[in-house]
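What follows is one structure encoded as structure tokens, with my remarks underneath.
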Amino acid sequence: MTFDYDLFVIGGGSGGVRAARIAASEYHARVGLAEESRMGGTCVIRGCVPKKLMIFASQAGALAHEARGYGWQSADAGPFDWLMFRHKLDAELTRLEGAYTGGLVAAGVDIHKQRAHLHDAHTVELADGRRVTAKHILIAAGGRPQLPGIEGEELGMISDDLFLMEKVPGRVLVVGGGFIACEFATILQGLGAHTTLSYRGDAVLRGFDGDMRRNATEQLRVIGVELRLPSTPTKLEKRDGGILVTYDDGATDQYDAVMFATGRTPHTKGLGLEQAGVKLGQKGEVVVDEWSQSSVPSIFAVGDVTDRVNLTPVAIREGHSFADTVFGAKPRKVDHRLYGAAVYIRPHEVASIGLTEEEAAAQGPHEVYEASFRPMRSLFAGSDARAVMKLLVDAGTHKVTGCHIFGPEAGEMIQLVAIPMGMCATKADFDAAIAVHPTLAEELVTMRRPTRHIGGAHPDKTVGSA
Ligand code: NDP
């Protein structure tokens, strides 16, 4: 049977674009790609990129404050011009969208700027009614924000809407305690909004190391975010030009805007997956094997639509591995066990890789090396903020199994720690590196004695404490 394409990709986000480009440019596959919105997907258009630029924008006040600590008498960020920033942001996103589109065109990919859904295992139907056939189909449709299902929730915003606001709200409520809630609470507070964060747990960032969670929660409080923990909004109502929020304890409060950051779900609705025989999981995700292959052999899926590790670089790696495997005769699986992640809160970021202290303790005897200190730069400017660095070391093999950093530019540091950890480095390998002084990162190679032992009896100790 002959097909119109060797590969048809549904979704022009990070994973889909990488797979299409590699299949076409490296392996000369005939590739088509459909994207219903802007090329680049969540990360480029509505996520990582605009969010990080907003983080930079929101720090001007803090930088001006620090400059005063260094003797700059007139340092003042002045008023913030949101519309000017938004205009520049739009221009930057348009540039990036052009770069993504240009890369695909240069690789010879046919772009269909419209929605597509599956007709059968080898056929895709486009919104204009045309049907195209492909030997392989890749679902890379991403995820969508999920609302909590409470009365009046349509009055609230999701993170996509934040980039399109006409002005920075005076009083804003952020609901949730994950990546997006923490980052946007930091941004909104930094831009001058009086920000409240309502989370149903005791400390934000569930799933992260306990110390990192406590530090992140405390930092949100220190920068001025009003925390309502634990609490859950139960109702939103329009009131006097604003939004009246009722909480589960019966309390009410009024805000100019409410933003829900209560998780994301795989975007599989209306894609014709069930009709084509593709097995979906409980959250609606495409169930795939280690090769990203679905229950239908010709259909593969990568990225958030599979709900494995929902991070852009993971989706890119999955897309690239798929193209290498299927079109390049270079079978490559993605190892989802070890990946770094960073939460861009300020002034200190949270960045992690590997086991948390809680997971390490559950796995067996570990040594914990921890340093807590006031970084030179902020200390001199008059801040008491403490950075924390933690290494978890398997007491038997001496391998570093986890690293957690709460500090300025922690994301940059964890990226480099990912290299030795990927090579199964031991604590002695870390110690062998000569420190670069004076830096924050030198703490990672100068922690000589364990702060505590966890996970039961240690091989070289009679008693361990968990
Ligand atoms: P997360 O899953 O990280 O957090 C969702 C939050 O909402 C949790 O605190 C959760 O509580 C809470 N929640 C869920 N349902 C409800 C409910 N019904 N009522 C009240 N609270 C609720 O999702 P995000 O939306 O923050 O982020 C989505 C994805 O985007 C993440 O998987 C992340 O990987 C990715 N991302 C990555 C970033 C980065 O790398 N820096 C930045 C932004 C996003 P609980 O903890 O109790 O479940």
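Cβ coordinates come from backbone N, Cα and C, glycine included.
Straight from TrEMBL, the features:
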ACT_SITE  HIS437  active site, proton acceptor
BINDING   LYS52, ASP304  FAD binding site
BINDING   GLY176, GLY177, GLY178, PHE179, ILE180, ALA181, CYS182, GLU183, GLY263  NAD(+) binding site
DISULFID  CYS43-CYS48  disulfide bond
DOMAIN    5-319  domain 'FAD/NAD(P)-binding'
DOMAIN    343-447  domain 'Pyridine nucleotide-disulphide oxidoreductase dimerisation'
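Sequence features annotated in TrEMBL and their locations in the structure.
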| residue | record | DSSP (3 states) |
| --- | --- | --- |
| CYS43 | disulfide bond | helix |
| CYS48 | disulfide bond | helix |
| GLY176 | NAD(+) binding site | coil |
| CYS182 | NAD(+) binding site | helix |
| GLY263 | NAD(+) binding site | coil |
| ASP304 | FAD binding site | helix |
| HIS437 | active site, proton acceptor | coil |
Inset, instruction - Return the members of CYS43, GLY176, GLY178, ILE180, CYS182, GLY263 (the recorded positions) with CB less than 6 angstroms from at least one atom of ligand 1, or none. - result: GLY176, GLY178, ILE180, GLY263
Legend entry - Among LYS52, HIS437, the one of these recorded positions whose Cβ has the fewest neighbouring Cβ atoms within 10 Å: HIS437
Legend entry - Distance from CYS43 (disulfide bond) back to LYS52 (FAD binding site), taken between C-alpha atoms, in Å: 10
Legend entry - Integer mean pLDDT for the domain 'Pyridine nucleotide-disulphide oxidoreductase dimerisation' (343-447): 98
Legend entry - Cα-Cα distance maximum in Å, computed over every pair in GLY176, GLY177, GLY178, PHE179, ILE180, ALA181, CYS182, GLU183, GLY263 that the record assigns to NAD(+): 13
Inset, instruction - Using all protein chains in view, find how many other C-beta atoms are within 10 Å of the C-beta of CYS48 (disulfide bond). - result: 17
Inset, instruction - Compute the C-alpha separation of GLY263 (NAD(+) binding site) from ASP304 (FAD binding site), stating it in Å without decimals. - result: 12
